[in-house]
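Residues or ranges marked as domain 'Alpha/beta hydrolase fold-3' by TrEMBL: 5-131, 193-253.
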Amino acid sequence: LGAFERICRYIAKKCNSVVVSVGYRLAPEHPYPGQYFDCLNATLYFMRNLEEYHVDPALIIISGDSCGANFATVICQILVNKRDLPKIRAQVLLYPGLQGLDFHLPSYQQNARIPMLYRKLVIYFCFRYLNRKPSFLEDILQNCHVPEIMKLKYKKWISADNIPDEFKIRGYIPQKSTSYKHEVHEAVKELLAITFSPLLAEDSIICQLPESYIVTCEFDVLRDDGLLYKKRLEDNGIQVTWYHSESGFHGILAFFGYGIFSFLSGKKIIDNTVNYINSL
């Protein structure tokens, strides 16, 4: 079994739950945003046929890890306006990637060269995901792809100022202002869309989201995406349960269940997630 299937089986057993995993089409053969439509359509089908799966409509949870957590976040935001469907009970987001606006947040600086997800690799994956040839990597790392008016508009939500000080002590240096480059923006402007950067959703959407569970890992470039979304949810009155793995790294759950090759921190993440689900 692959690690993800082991995780699904483990959660299904420990939580006595039905777990549905979406085998969405992969980039670059199937370019963005096909993955969102696959996940959304599978979710809508499931929610419209709950009796077939013997699922309580009051206990639906949407979950994912890494880019899957990005999909789960976007889908939860879309479902806010689907009045004909059951209300989602909770969203479970495991080390989510939620924005393409700022690649100079503290976690991006501190963990730029830490496996398994290097900072430059994030940009490379973004290009592959968008089915483009990688270009302007250094400019994007310096946030030259973001128009000044957009930086100012979203600074209230995406800024190192919103990251707790205890996460800045490991070598964070505030970024000096960089100039906007239109050609760089055109190359990756999809990164700034809500479907890619759900951290940019308006408060009118955020305030309607379900109770949330967020996992962050200390040694993860995406750590601060989770911290920023946690703050946004809490600022909008949404109950958040947060689990921070102080020794965890991005992708640690890929090793779950591999015996001596697995990590105790990964097991703790899964077991804490199981406890949260069982508490609902």
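Glycine too: its Cβ is placed from the backbone N, Cα and C atoms.
Curation does not apply to TrEMBL; its annotations are automatic.
Over the domain 'Alpha/beta hydrolase fold-3' (193-253), the average per-residue pLDDT in this prediction is 98.
Broken down with DSSP, the domain 'Alpha/beta hydrolase fold-3' (193-253) shows 22 helix, 19 strand, 20 coil.
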